[in-house]
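Notes follow the structure.
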Amino acid sequence: MPRDYHQIVWSPAVEEDCRRIIRLAVLEDFGQTYDWTTVSLVPEGVEASAYIAARKPGVVSGLATTSVVLEEMEIPASLELLAKDGDQVAAGQKLAKITGEARDLLSSERIILNLLGRLSGIATLTRQYVDAIAGTHAQVYDTRKTTPGWRRLEKYAVYCGGGRNHRLGLFDAVLIKDNHLAFGTQQSAEERFTIAAAVEKSRQFVAEYHAGQTTEPLMIEVEVDTLQQFRDVLPARPDIVLLDNMSCAQLREAVAIRNELAPDVQLEASGGVNLSTIRDIASTGVERISVGALTHSAIALDVGLDWIS
């Protein structure tokens, strides 16, 4: 079975990232004072219940963030989840029920909805891409084009939408990109390296660094933007070759070359991928399609809080 990057599920690490974001959000909303509107209009000690509901259809992600908001804001409310992450929900569908002091519900409302809406928007867009290539052998992957500080959460949302997670950061894989190669060609004759040499150099360095450790060696991926580069790098047997901004005809040719010369190497298409083009790309035979838009262009799912009378 081909190797793959670590997939992001809800975990203590994801939750801790969530807590950091919430602490900043609370500081942004309250400063060092109060929610003046709520404390001036809503009596203290009044109990209330409300539903969190989807205003538009979509895929849910981030329901667990609601309980984390309540914990970080020290709100003694009860929370009942009425859906689960990864669910396709209809407009008007109730996602959760919260019961607590009305003041607390009002003051935490926007932070709760911002988190849930952002993550559900990513999951919803991801599901659209996944559905667009249903029946092919390709899978949809995210990228590092994420909101600073939100990466684990946003990659978790991609996972909830049925997508796959690419490397989490620079630390957990080797990905030799065009600027690494451009730098290599500008060095002295002694230091200059070809694309195949770059793969071997990286593989040797990583192997030496991890010598004696029981962890699996880092995956090595290399980006190419011409078929000649592709032919040049195949003998080095990277785990994955990223085919950047290639036409479908070029992708099909690359797949045929790979099948003949290095069938164990996975192929990833990237660059200019959208909902109109992804099925044609998937039909070329590549195994992976990376889509930056999943995280950098997703529109938040419209969710709201409704009082229960």
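Cβ coordinates come from backbone N, Cα and C, glycine included.
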With Arg110, Thr143, Arg144, Lys145, Arg167, Lys177, Glu223, Ser270, Gly271, Gly272, Val291, Gly292, Ala293 listed by TrEMBL as substrate-binding, which of these, Asp87, Asp239, Asp244, is given for the same site?
Asp244
Counting other CB atoms within 10 A of each CB, which of the binding-site residues Gly272, Gly292 comes out lowest?
Gly272
Site of maximum Cβ density within 10 Å, from binding-site residues Arg110, Arg144, Arg167:
Arg167
For Glu223 (substrate binding site), which residues of its chain lie six or more apart in sequence with Cβ-Cβ distance below 8 Å?
Leu175, Ile176, Lys177, Asp178, Val241, Leu242, Asp244, Ser270
Check Arg110 (substrate binding site) against DSSP and tell me helix, strand or coil, would you?
helix
